[in-house]
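Colleague: Take a look at the following structure, please.
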Amino acid sequence: MSELSVRHLLGIKYLNEADIQLIFETADHFKEVINRSIKKVPSLRDITIANVFFENSTRTKLSFELAEKRLSADVINFSAAQSSVKKGETLIDTVNNILSMKVDMVVMRHPNPGAGIFLSKNVKASIVNAGDGAHEHPTQALLDSFSIREKLGDVAGKKVVIVGDILHSRVALSNIFALKLQGATVKVCGPKTLIPKHIESLGVQVETNLRRALNWCDVANMLRIQNERMDLSYFPTTREYTQQFGVNKALLDSLDKEITIMHPGPINRGVEITSDVADSKQSIILNQVENGVAIRMAVIYLLASKIK
Ligand code: CP
């Protein structure tokens with residue numbers, strides 16, 4: 001297969017396994033490119049991309065911008081906090097104004113689930129979802145699986161546990177879809193209050209004991225508690241959450257085997273993960289960030305080839 005089955009990247013839910021393999025093979029090539037002394041290719045000189053962020057971001061925003069520049073696209077950045085959204089402008093009006101400046105692709109982060117899907121039905125541009133509320137974060141899941149493949153050789157057959165705030169996490173949902181498509185076995189682990197009812201219908205198992213989950217898995221993906229999305233108390237105190245669901249070096253060293261530790265960032269050091277675990281040789285957290293640029297180059301390149 002040489003092209004994606006989709007015109008937008010709205011979620012992993014809309015991809016098939018061949019799409020993921022194509023993105024990975026394309027990212028392999030771009031990873032080689034960004035490790036050259038000249039880290040840039042002229043592939044997208046005729047494409048203009050707008051990064052439209054209605055929510056804070058460090059990794060995703062910088063990674064998309066760098067990926068676009070490495071592909072030689074023209075790039076404009078929009079941050080809602082300094083925009084006319086504050087004066088009441090709608091999402092469609094905002095994006096259509098940006099598109100009238102001859103923009104071909106919109107990379108959007110938005111606090112509302114489904115914002116990218118809504119946009120893709122209402123504007124003429126290729127839309128890339130850079131995280132929509134608690135719904136999906138497809139490029140994060142792609143870079144996570146790409147990093148597992150790089151570290152362990154393959155995703156198929158691997159056992160992955162996603163730990164923490166599953167309820168509010170777009171990273172968890174996109175990872176579940178991506179890992180299952182590639183043939184991994186997936187468990188989720190966290191307080192019962194932070195695990196959605198009926199999550200087993202997605203083909204995952206629930207484990208509420210962290211030690212058992214870690215002893216079972218090859219890879220543990222530790223998630224941040226998303227206080228900004230919580231309107232209730234889901235556990236008694238942060239200290240008790242850390243005691244039950246935080247990973248520390250003593251716990252890691254006491255397991256039956258050496259497992260790989262991941263985290264999508266931003267990290268709450270000392271809450272879901274201690275510094276000596278985050279910075280240990282078992283952690284691939286910064287490899288995930290590095291791989292994000294190659295994955296986003298691949299996604300943008302493949303979607304742009306459907307515009308031309
Ligand atoms: N992983 C992730 O989405 O991080 P940012 O919120 O910093 O983009």
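Including glycine, each Cβ sits where the backbone N, Cα and C put it.
Just lifted these from TrEMBL, have a look:
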type	residues	note
BINDING	Arg59, Thr60, Arg109, His137, Gln140, Gly265, Pro266	carbamoyl phosphate binding site
BINDING	Lys87, Arg170, Arg224	L-aspartate binding site
DOMAIN	7-150	domain 'Aspartate/ornithine carbamoyltransferase carbamoyl-P binding'
DOMAIN	157-302	domain 'Aspartate/ornithine carbamoyltransferase Asp/Orn-binding'
Colleague: Can you tell me how spread out the carbamoyl phosphate site is, meaning the largest CA to CA distance among Arg59, Thr60, Arg109, His137, Gln140, Gly265, Pro266, in Å?
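Modeller: Per the listed residues, the maximum Cα distance equals 16 Å.
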Colleague: How big is the L-aspartate site in terms of the longest C-alpha to C-alpha distance among Lys87, Arg170, Arg224, in angstrom?
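Modeller: With Lys87, Arg170, Arg224 as the binding residues for L-aspartate, the largest Cα distance is 32 Å.
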Colleague: Out of the binding-site residues Lys87, Arg170, Arg224, give me the one sitting nearest to Arg109 (carbamoyl phosphate binding site) by CA distance.
Modeller: Arg170
Colleague: Which of the binding-site residues Lys87, Arg170, Arg224 have a Cβ less than 6 Å from any atom of ligand 1?
Modeller: none
Colleague: Taking the Cα atoms as reference points, how far is Pro266 (carbamoyl phosphate binding site) from Arg224 (L-aspartate binding site) in Å?
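Modeller: Approximately 7 Å lies between the Cα of Pro266 (carbamoyl phosphate binding site) and that of Arg224 (L-aspartate binding site).
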Colleague: Select one residue from Gly265, Pro266: among these binding-site residues, choose the one with the most other Cβ atoms within 10 Å of its Cβ.
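Modeller: Of Gly265, Pro266, the one with the most crowded Cβ is Gly265.
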Colleague: For Lys87, Arg109, His137, listed as binding-site residues, tell me which one has the smallest number of other Cβ atoms within 10 Å.
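Modeller: Minimum Cβ neighbour count within 10 Å, taken over the binding-site residues Lys87, Arg109, His137, occurs at Lys87.
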Colleague: State the Cα to Cα distance, in Å, between Gly265 (carbamoyl phosphate binding site) and Arg224 (L-aspartate binding site), rounded to an integer.
Modeller: 7
Colleague: Taking every protein chain in this structure into account, which of the binding-site residues Arg59, Arg170, Arg224 has the most other Cβ atoms within 10 Å of its Cβ?
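Modeller: Answer by Cβ density within 10 Å: Arg170.
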